[in-house]
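**Q** So that we are looking at the same thing, I have put the structure below in structure tokens.
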């Protein structure tokens, strides 16, 4: 989510999405099965986080005090197509946020992970244009939308102030191949950071200092990191340019990969993400005829196939921020592509 206003850096490429409605009892062709449009309560959704628990997919998103959806609105689906609003993880801002981030009016950009028998829900607290921010943590033994009070807030994980060169928002929790736990985060300022977590608590490991993973030269915007591990690589997804401008949003999504979780991450051309690199996964779609603008703040749901979950602004609905779910494929040399988007790149059979 955009937190700072600088000059616009456009990237006007076409983001092609084929969306069809899956009628009951109507089988889709193999070429189109993955393009069923989401239905139900999918607006407004911004900065989605997703996890599967049993037979349900649980989705959390940014929430503001001014919205009826509450703090971290909660939706569920059985099939990733039909979505139902189930309430909110929090009825109000956690008490500690008033002193740590004065003026905060919402909980932004959540992330959720299961560690052992515990669900850990990370969230951002900030105000637009400032880096006096914090990332908080809440835990629950099970995911039950009928019992939102089951969440126990654990307070801040990491915070930033005006004296820091980073912005402590947009968290993504991750477990590496050795079982070490990490939090990648960041928005604008000096870019994306990585800090180690205490596996027992999910909080910041004592003495752990943030390290840089990616940045862009001013005024280039970068935020919303997401890490996955596939094969022998770690993949770092990030959003470039500007969200939150409805149909004028220039957001787009890039990726780099590395052999170690601490990097260095590089794109297909070999340019590192610390040098502003990143291979495009979702284009901004600034073409006048395009429906979906500014796709970004992605979450990756692993499975067969993998899914990329994100928000985009709907030109058919006054630029409303809308949930999107697409299948994520991989090239033969191990790079992610979105189906019906990069047809010229050979995919794994």
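Glycine too: its Cβ is placed from the backbone N, Cα and C atoms.
Taken from TrEMBL, the feature substrate binding site applies to 47, 129, 167, 168, 169, 170, 187, 188, 189. Per TrEMBL, the feature active site, proton acceptor maps to 47. The feature active site, proton donor is assigned by TrEMBL to 223. What TrEMBL lists as site 'Important for substrate recognition' is 297.
I'm curious about the neighbourhood of these features; can you describe it?
**A** Residue environment of residue 187 (substrate binding site) contains 28 other Cβ atoms, counted within 10 Å of its Cβ in all protein chains. According to DSSP, residue 187 (substrate binding site) is assigned to a strand segment.
Other Cβ atoms within 10 Å of the Cβ of residue 47 (substrate binding site), summed over all protein chains shown, number 28.
Annotation note: residue 223 (active site, proton donor) sits in a strand segment as assigned by DSSP.
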**Q** Any idea what the Cα distance is from residue 47 (substrate binding site) over to residue 297 (site 'Important for substrate recognition'), rounded to a whole Å?
**A** 5
**Q** CB neighbours of residue 223 (active site, proton donor) within 10 A?
**A** 30
**Q** For the recorded positions 169, 297, which one has its C-beta crowded by the most other C-beta atoms within 10 angstroms?
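**A** The residue with the densest Cβ neighbourhood is 297.
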**Q** Of the recorded positions listed here (167, 169, 187, 189, 297), which is spatially closest to residue 223 (active site, proton donor) when Cα positions are compared?
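**A** When the Cα distances are compared, 187 comes out closest.
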**Q** Just to be sure I understand the packing, how many Cβ atoms besides its own are within 10 Å of the Cβ of residue 167 (substrate binding site)?
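**A** So the Cβ neighbour count for residue 167 (substrate binding site) comes to 25.
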**Q** Taking 47, 129, 167, 168, 169, 170, 187, 188, 189 as the record's substrate-binding set, what's the max Cα pairwise distance in Å, rounded to a whole number?
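**A** If we measure all Cα pairs in 47, 129, 167, 168, 169, 170, 187, 188, 189, the largest is 19 Å.
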**Q** What is the total of other Cβ atoms whose distance to the Cβ of residue 189 (substrate binding site) is within 10 Å?
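**A** Within a 10 Å radius of the Cβ of residue 189 (substrate binding site) lie 21 other Cβ atoms.
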